[in-house]
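Feature annotations, courtesy of Swiss-Prot:
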type	residues	note
ACT_SITE	Glu46	active site
Amino acid sequence: MRYGFYTLDVFTDQLFGGNPLAVFPDAEGLTDGQMQKIAAEINYSETVFVLPPVTETGNFRLRIFTPKRELDFAGHPTIGTTYLLGLLQPPSPLVTTTWQLEEPVGLVPVTLHYKQGQLVQTELTVAQLPQTKDSAPSCEDLALLLGLSIDQLQQGEYEPQAYSCGLPFLFIPLINEEALNRISFNPSVWQNLLAGQWADCVYCLAPGDPSLGLSDNKLIHGRMFAPGLGIAEDPATGSGVAALGGYLDDRLDTPGSHHWQIEQGKALGRPSQLQLTVVKDGQGIRAVKVAGRSVLVSEGFMNLGN
């Protein structure tokens, strides 16, 4: 059997920027084991397999695999796959359209934004609003994990804390971008400190303007490390940025629609831009949205024998 696939760069408008993604747009007939082996063979952060929907309201069903395991939800695969499907199976007419994507976390609404008939970007709305639980390890231990001094970690209002919109992340705010660039991640410390914990993906953050609190910044820099998923460092992490919406929301007092740009991937030479929107009212958070652009890179076939 031959299965067609495409590769894209996600959360960028530049070839060879952003986060690479492989998508199999017609994955019917593949077993769970084959999907996992294919994801390990391609060895991107994630590989997506598209299947027919199983609900009345779903447009497509996505299965998302890292080199090590399947995920309930992931941002850059959702954003990039929707972009690809918008090219392969465009809506008619070519106007802004929202599809419902079936993922293990639930139905994920994704909006395809068109401008003058051209697909510009895609934007997901999380199926699961941010949740938080578990206390974070001490700042002393986290400084050791990152190869930093403890005074390079923020404390107080912006202390480390874990959130999830389907995939948990431990957020560690640092004092500035210089500290972020100096990270020397220690996998051995991670193994002893976080392996097997609810949030074992580590997302480090730095304010664009260190004179302002993280939630008051419009620009936030980030780096994400996920040894448990087989990802040493990720160039762009949509599910992490979605969960970040919960971290920032808990530190915001003003209702309304709040927007941030998250820049990630610089340390890997793959700069990425992710747009985060949090909508809240007097009762709390109402919606979290993550948007970005994608670039189609290549297409090919994988031969799996008879």
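A Cβ is built for glycine as well, from the same backbone N, Cα and C atoms used for every other residue.
Keep in mind it's a predicted model, so treat the numbers as computed, not measured.
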* Asked: Far apart in sequence but close in space: which same-chain residues, 6 or more away, have a Cβ under 8 Å from Glu46 (active site)?
  -> Leu21, Ala22, Ala39, Ile64, Phe65, Thr66, Leu71, Ala74, His76, Pro77
* Structure fact -> In the three-state DSSP scheme, Glu46 (active site) belongs to coil
